[in-house]
Amino acid sequence: FSNDVYDFDTGADKNERESAVNLAGSRTVTLLAAYSFLALGFMGLTWTSVEAGNMRSIISLACAIICGYIYECPPFRLSYQGLGEPLCFAAFGPFASTAFYLLQGSTSQMNCLPLSGTILSASILVGFTTSLILFCSHFHQVEEDKAVGKMSPLVRLGTERGSSVVKVAVIALYFLLFAFGLIKALPFTCILLCALTSPMGKLVVRYVEDNHKDKQKIFMAKYYCVRLHALFGAALAAGLVVARAVTKKYVPRPIFS
């Protein structure tokens, strides 16, 4: 919501039909909702972390929220400098994923629950697919972003080179998946189940390559990325659950205690 408010202020979302401000018809109401959700969410997460007895999780969550704030909100607006994707990766990947992992154990386990190569590897993959959604969401508004000085990666690259970036990113996603499997950071079940999502990855690549010049059709690219993100994430989680259930002893080697 706050993202839509501040993009509305600069004119970047003037023609964005999905902008919360355009849908609600009120900048004030949208901004009030944004900060209300921020306050309630942060208080709830803080309470959960305190109850769990683990302050590492709230620190990580605070970092994720800070990434989200400086992404769009003044005076930072780092997304206008082309830094949106790295911030999105950090917020939803390493920071948020590890924070919620730390909140999964019982209170007695929480203080010594380790961060392992498995958790960090999974968080990197989650951050990767999340950032791909953001990257593809800009294909249909390159001209609008450029007009207001929002120098997103696609404004700098253009849509043709941007389509090549999407192809490389999807290939890199599965390369990382297999690399993490080879070093045994992720169990074989994760590799197998996530590999089954590759047709969705190919669909994303093909759709962007075929339609990057068509503003009407390329609008759907981000939704295909959302599907890839959801399927890949579900397969990753299922792989971890199956590995634990099958072996009953798959415990990743901690790298941080």
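A Cβ is built for glycine as well, from the same backbone N, Cα and C atoms used for every other residue.
Owing to the predicted nature of the structure, the values given are computational and were not obtained by experimental measurement.
According to TrEMBL, the feature transmembrane segment maps to 29-47, 53-71, 83-103, 115-140, 226-247.
Each of 29-47, 83-103, 115-140 was scored by its Cβ pairs under 8 Å to the transmembrane segment (53-71), and the highest score goes to 83-103. For the transmembrane segment (115-140), the list of distant contacts is 84-86, 88-94, 97-98, 101-102, 152-155, 159, 162, 165-166, 169-170, 172-173, 176-177, 180, 183, 185-187, 190, 194, 204, 208, 212, 215-216, 218-219, 221-222, 224-226, 228-229, 232-233, 236, 240, 252-256: same-chain residues at least six beyond its ends, Cβ to Cβ under 8 Å.
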